[in-house]
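Student: Okay, handing you the structure first.
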Amino acid sequence: MAGSESGLACARCGKPALLQCPKCMELKLPREGAAFCTQECFKASWSSHKSVHTKSVSGMDASSISSEKSQSGWLYCLKKGQMRGSKLPHFEWTGPLRPYPISKMRTVPDHIEKPDWALDGIPKIEPNSDLQTRVEIKSPEQIEKMREVCRISREVLDAAARVIRPGITTDEIDQVVHDATIAAGAYPSPLNYHFFPKSCCTSVNEVICHGIPDARQLEDGDIVNVDISVYYKGVHGDLNETYFVGNVDEASQQLVRSTYECLEKAISIVKPGVRFREVGDVISRHASMCGLSVVKSYCGHGIGELFHCAPNIPHYAKNKAVGIMKAGQTFTIEPMINAGVWRDRLWPDGWTAVTADGKRSAQFEHTLLVTETGVEVLTARFPSSPNVFPWLSS
């Protein structure tokens, strides 16, 4: 330990302190909480005191990180990805989380087949397609391509799941996702989609969806959703899961498990002849029983050669979704479930949706194929998928 100025009180017993925690000095933390009278007091306090080190790095004021990061091209995302700024935007934040600077957009090798927004951020085919109003019945060839891209999507998400731990940044998770996608010969669908700046979405704590990977380190007790979409051989796959970071409180564990159950119950009714609107009834019923609320602003969607198309599948009860399920359709179901109110707010970056009350939110998603007899979960977990959900191994 390094010596410190006198006049400070021991953080453990309150006696005059002449010693200071060397790690706190290195991190330039306030001396008041880092002073100790003896080595014995320091050692006795270590198990609880050391937590200030990780919190100080990951919880460091986002604006203080920006000056350091902006020197190397890290800036805040603004205007739905079309602008960058060096200062933390002014906003009435709903919870404890803040945006951090983001790194430059990652590159994709020339040999990778790309969707039409890859270069300029603007989808051309998707908005004007008749598949925005007509639900496509996939051919056997299209279905085989969907199986293939969804297997790759699952492999990429599993790669992300394996690196989640306290101390890793969501930007580092994005790097893993980007590299795994490229290694499979595929393109990360979110990258530059309507100017989205990253290769996946990482939604932490009160973020509902579309969180942008940035310089913030995950902290012990966080929950984080990683949303993966992959483009391969002309079609897209899409899935997400919410993970625990270190030791998570009981309420957050229940939120995540209940959200997982909402998706499972919704999938269990998928078969030809079922109305799309019934999905929301099933999800809402279970969420309500668990004392949770269902986000209404974002829904499941058709997927295939287009990233987003018909049908729209709301997750809340008494919705007005049109149409019935038929064999050969592919779509996502992706309930977003909140611990508090269902309403959301949008951060200044134009992408990050957060809970209006700052309470936590969780989400799970699969890409599904309606079969003649029921449903095939195209993005289903592998036997080799990381064992991160206690309820699956109990």
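Cβ coordinates come from backbone N, Cα and C, glycine included.
Annotated protein binding site per TrEMBL: His210, His308, in sequence order. TrEMBL lists Asp227, Asp238, Glu365 with the feature Zn(2+) 3 binding site. The Zn(2+) 4 binding site annotation in TrEMBL covers Asp238, His301, Glu334, Glu365. Look at TrEMBL and you will find 7-60 tagged as domain 'C6H2-type'.
Can you tell me where each of these features sits in the structure?
Tutor: Taking the Cβ of His210 (protein binding site) as reference, residues of its chain lying under 8 Å away and at least six apart in sequence are, in sequence order, Phe196, Cys201, Ser203, Asp227, Trp351, Thr352, Ala353.
Residues within less than 8 Å, Cβ to Cβ, of Glu365 (Zn(2+) 3 binding site) and separated from it by at least 6 positions along the same chain comprise Asp227, Asp238, Leu239, Asn240, Glu241, Leu263, Gly300, Thr332, Ile333, Glu334, Thr379.
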Student: Cα-Cα separation of His301 (Zn(2+) 4 binding site) and His308 (protein binding site), in Å?
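Tutor: Each residue's Cα considered, His301 (Zn(2+) 4 binding site) and His308 (protein binding site) end up 6 Å apart.
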Student: Write out, in the order they occur in the sequence, the residues of the chain not among Asp238, His301, Glu334, Glu365 that have a C-beta within 8 Å of the mean position of the C-beta atoms of the recorded Zn(2+) 4 site.
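Tutor: Nearby residues not in the site list: Asp227, Leu239, Asn240, Gly300, Ile303, Phe331, Thr332, Ile333, His366, Thr367.
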Student: Please list, in sequence order, the residues in the chain of His308 (protein binding site) that are at least six apart in sequence and whose C-beta is under 8 Å away from its C-beta.
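Tutor: Once residues fewer than 6 apart are set aside, His308 (protein binding site) is near Glu126, His301, Gly302.
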